[in-house]
Amino acid sequence: MKRSTKLVIILAFAVVLTLGRIIWYHTQIPDVQPEAAGGQLDARQVDFSNSHSIALDGDWKQTGKADNPLYTQLPKYMQSEAAGTYEITIQTGEQADHYALSIRSLYSNFSVYANDQLVYQTTDFENGPPTPVAITDLRANENDQLKIRLTFDEFHGNERDRSLINVRFGSSQQIQKETYQAGLLQFFVAAIIFIHALYAFVLYLMKPKKIGTLFFSVAAILASLAVVTSDYNTLGYVMPLSHEWYVRTIYFSYVGLSFFFLLFVVFTFTKAASKWPFKVLYLLFTAYLIYILAAPIEIVRYVIGIAISLVVAFTLIFWILFRTVFLSKERALPLFLAGAAVVSHVAWTIVVGNLPFLKDTLQAAIKAGFYPFDITIALVCFCSFWFLRFFQTETENEQYIEQLEVEQKRKDQFLANTSHELRTPLHGMMNMVQNVLEQENKLTNQSRYQLELIHTLSRKMSYLINDLIDVNQLKSNKIRLEPSSISIEPILVGTADMLRFMADEKDVTIHMRLSESVPYIYADEHRVTQIVTNMLHNALKFTPAGNITIEVSSDASHLYVKVIDTGIGMDAKTQARIFIPYEKGENSISESEGIGLGLSISRQLAELHGGSLTAESVLGEGSVFTLSLPLDADRTELYKVKTMSLIESAASEQLSEPHIQAFSGYRILAIDDDPVNLMVLKQALEADGYQISTTASATEFVHQLDTYRWDLLIIDVMMPEISGFRLTKRIRSRYSLTELPVLLLTARSQPEDVYAGFQAGANEYVSKPVDMLELKMRIKSLLELKSSIEDRLSMEAAWLQAQIHPHFLFNTLNTIGALSAIDNDRMLRLLQEFGNYLQASFNGNNLSSSIPIEKEMDLVRSYLYIQKERFGERLQVNWEIDHNIQFSLPPLTLQPLVENAILHGLQPKEDGGTILIHLFRKGNNAFIQIKDDGIGIPPDKQRLLHPFDGHRNSIGLINTHIRLQKLNGCGLILCSEEGLGTTIQISIPLG
């Protein structure tokens, strides 16, 4: 709901409250309201049987304070000046047989005479019955007159009490009806409020943590008490109170109502309930409530305290509710309206009714009866608030259910990752053991290394399983430390050595910086080793290349271990989540392997030791994890460091020597962030004769992909630098499915994951742990498919070359015939070149993958000689050849390009043109350019190299382009400008 809409509702609500009360008061004003004059009131025009009672307003005859009577209005307020006798004669006519008076005065004894007979008297107002008092069965005299005399004793209250004197007259039936009706309304409203208090208290008993419901229940009880003690004092009819306790009760109910309503609002809508300003306010309200009950009644009657209490409480209530309504999503508008209704009731009852400028008749009407609707509307608003909150909670529960469903999927994903983490190392051990068993009886160094690696992987599995156990033990507080006095240095060195295998295939260097002596710590050695292992494991995992530095320092009470890496770093959002169980960041870290428990367990273990584990990081620059542990206070000597370690990963040396083997056989490039998986894969595939290169770095993978030719790529989906999906998409932007097959490896084999893999451009999808026989068969099928496609392209090139156009043969033979008549030498040379051309066109070497550049140039020379003899001066041929360049390229590569330049570039020109064959070297590449100054190619036709957009005449170009791409990853480069000519360039790697 918009703020403007809420504001309109609040204003409309205030208008409705005001209009409702005004209309109610006007209905309470009698149709005829006579006014006394000279102590006489003519009520003969009043229909007492159908009208409301009338107020005895006007001039009364006052006696007792002067010798001569005075005619004055009855005092509006009971105070010192009001003491005396007041008399009025009412001319009733023959309206009714019995009349009655309703009199209200709280702070004084008074007597009532009717026709000089005492009909009512109070001698002890402190313990008297509640007021207003209804005096019935009054009869007029034979002259239809009723003389009423009121005698007020000396005022016994405080000057600030100002209790309103209100006297009404009517028939006995009407007075009784108005009195009972007002009392029943008060009791009914109080009962409804009390019922709300009861169900709120029941709700609190059902959920004691919701203390706001308890405060609401107390506030509702005090509200019902305030209702039954105000106006007609309904409580006095069932539980008579002395005047003193009546005053204390009504003051206590109003102050308590405002206080507990404030507590309800504070504890329900704010988080500041425990802050010191509110605590001070609680103490002040509590002290004032005790003051009301215990202080002398003479000073309790000072209304300044209750006024301040009400103003402060309702100001805070409305401020909190206003902020809640307009600045938050909490649906507190009904509660705001309920508070407005309560304030309206209090204001009209206490303030408006006592305003001196109100017309006497309206003021009398205000005091005449109990107005129930403000409180009733407040109750309706309270109910609306609870119902809206119920529906809001129901909606939130539905959202929580949806979130739980998402969390259920996350749990399934967690289980998949856990399965991957537990099963893959086990499968790696099984494969390595199988490799050892297949070797000779004597154990080689490589076999011994594999067995040692099996032991290391077993520990890795043990750590993962222990993490799952530890996280549950930490939740149930079952972790028991066994601390002792230990040194951190052996733990750091041993842990770094143990984790060296993780740095395989990574250019990572681990530095350790310790002072010559470090203090001892008092800790559990096993748990400290676990913490340090998790810290180094995390640093190695997310540092593809660079440095990891371990620093140790101390102060008077703690030892600090910092693990500083130059890895991928974290953003602020990731840093806030890394210590939460099962949580990982939303960047590439989230796609890496792991179940997100190590750092969370490490922090909790550090805190159990009385230390801490913190993280600082900058995205793209690296991270710093700091572990603090308490020193051993009972051991003051320092541990002498025996070695200053500089640990380099094995992979840092291996990467200095390329893994690329010779160029014979199928060549496979594999990437996985687990070096064990790469080693198992490498051994298994090399045994079948494949040449395989492995890497754990995405950067190194892309470098090798750009540098060398590959027949197949094997990519792990979950990697720290870049996911396998994104890497496959990048590859597919350059290579088609048939040019470079991609096989994805992953532990996640759900249908949506397989679909995402194929959407990214994968040819095959194999789940971990890999069955080696299945993997080998899939690799074999992909390589054979690629080979068959390449063979088809070679056959297509040879077939295209063999399809010599009939007009070319006809034109060549015509040229030979013409030369026979004019120049036999030229004819013989032409016949020789034509024979060379035919021999090259039908040569079986055209099915080979590559031929030397000299043979390709011989074919081009023969073809150009024939065309030169045909076109004469219209065709000029320039050669710029570096004969020192030796390389191979696919057969039938250049001739189709030269033919395209002549037939489609120069022939359409009336005066012909020039073609340039340029062979040169630049860096480690040889470049061949076929240039012509023909008509050029229009921009809309320059997509001839796209196999789906090319024309039929460009099939030869397309075939050449594809075969070159498969050879070196770079096809034909076409540059043409209409009217100026065309240049086609080929780039061939040398070496």
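Glycine residues also receive a Cβ, built from the backbone N, Cα and C atoms like all the rest.
Per TrEMBL, the features are as follows:
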TRANSMEM  184-204  transmembrane segment
TRANSMEM  211-230  transmembrane segment
TRANSMEM  250-269  transmembrane segment
TRANSMEM  276-293  transmembrane segment
TRANSMEM  299-322  transmembrane segment
TRANSMEM  334-357  transmembrane segment
DOMAIN    417-633  domain 'Histidine kinase'
DOMAIN    667-783  domain 'Response regulatory'
MOD_RES   Asp716  4-aspartylphosphate
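Counting residues per DSSP class in helix, strand and coil order gives 53 helix, 24 strand, 40 coil for the domain 'Response regulatory' (667-783). Sequence-distant contacts of Asp716 (4-aspartylphosphate), defined by Cβ-Cβ distance under 8 angstroms and a gap of at least six in the same chain, are Ile671, Asp672, Asp673, Asp674, Asn677, Gly724, Leu744, Leu745, Thr746. Stretch with the most C-beta contacts under 8 angstroms to the transmembrane segment (184-204), considering only 211-230, 250-269, 276-293, 299-322: 211-230. Here the transmembrane segment (299-322) does not touch the transmembrane segment (211-230). Their Cβ atoms form fewer than 3 pairs under 8 Å, with each pair 6 or more residues apart.
Within the model, the domain 'Response regulatory' (667-783) carries an average pLDDT of 83.
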